[in-house]
Amino acid sequence: MSEDQGSGATRVKLVVVGDGAVGKTCLLICYAQNDFPVDYVPTVFENYTATRKRGNEDIKVHLWDTAGQEEYDRLRPLSYPGADVVLLCFSTISQSSYEAIRDKWAPEVNHYIPDVPSILVGTKIDLREQQHPDPNSGKFEPITADMGISMQKQIKAKKYLEVSAKTRQGLEEVFSAAIEIVLESRGMDKKSQDGSSSASGVPSGDKPTKGKAGKKKSGCIIL
């Protein structure tokens, strides 16, 4: 985390990892652009920027999206240097993505950036609530909140939070928690100038922008 050159805002670099199809990109687009995309646009890596207020202070959050597919395993670590916090994402309707947190994602993050705090995030909770057992394929067993907390303890993540990008349930809470963890780790957890002690979910006025490419992303790859 650092001061954004020329803006005076505090910079937070947030990296999101997890299996393909857990909804990482939709999560970032909904937070940064206040929009739930429906079109599929394949990408490997994308950056977004969102600015939030914390009292009188601007927090500029640089969001780094990564591909979860195995063929990008050698490229993905390029996203890690300079990270302040990591979101480890799994789908609450995918047992395999949940197990991959323990077997792949937490070990990978701990290898490349062992001192960076992480938050475990269970996505697609709107679909978890809609799922019903299929008598032809066996009983459907979604990932419960208790299972998420258990995994959080196993991998020593700072928090476990659940979210739906589509309904926005838990969306601001996830990113506000990430911001606060970073600020606390830098000794900036005291009350800010106007007495507020948490990052607001309301944009500070800057229109959120995407990082590398100049075009606004219109679609969502379910990474």
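Using N, Cα and C of the backbone, Cβ positions are placed for all residues, glycine too.
Keep in mind that this is a model prediction, so the values were computed, not measured.
Feature annotation (Swiss-Prot): of 22-30, 40-48, 112-120, 157-165, the stretch labelled motif 'Effector region' is 40-48. By the criterion of other Cβ atoms within 10 Å of the residue's own Cβ, the least surrounded of the binding-site residues ALA21, ILE125 is ALA21. The local packing around THR66 (GTP binding site), expressed as other Cβ atoms within 10 Å of its Cβ over all shown chains, amounts to 24.
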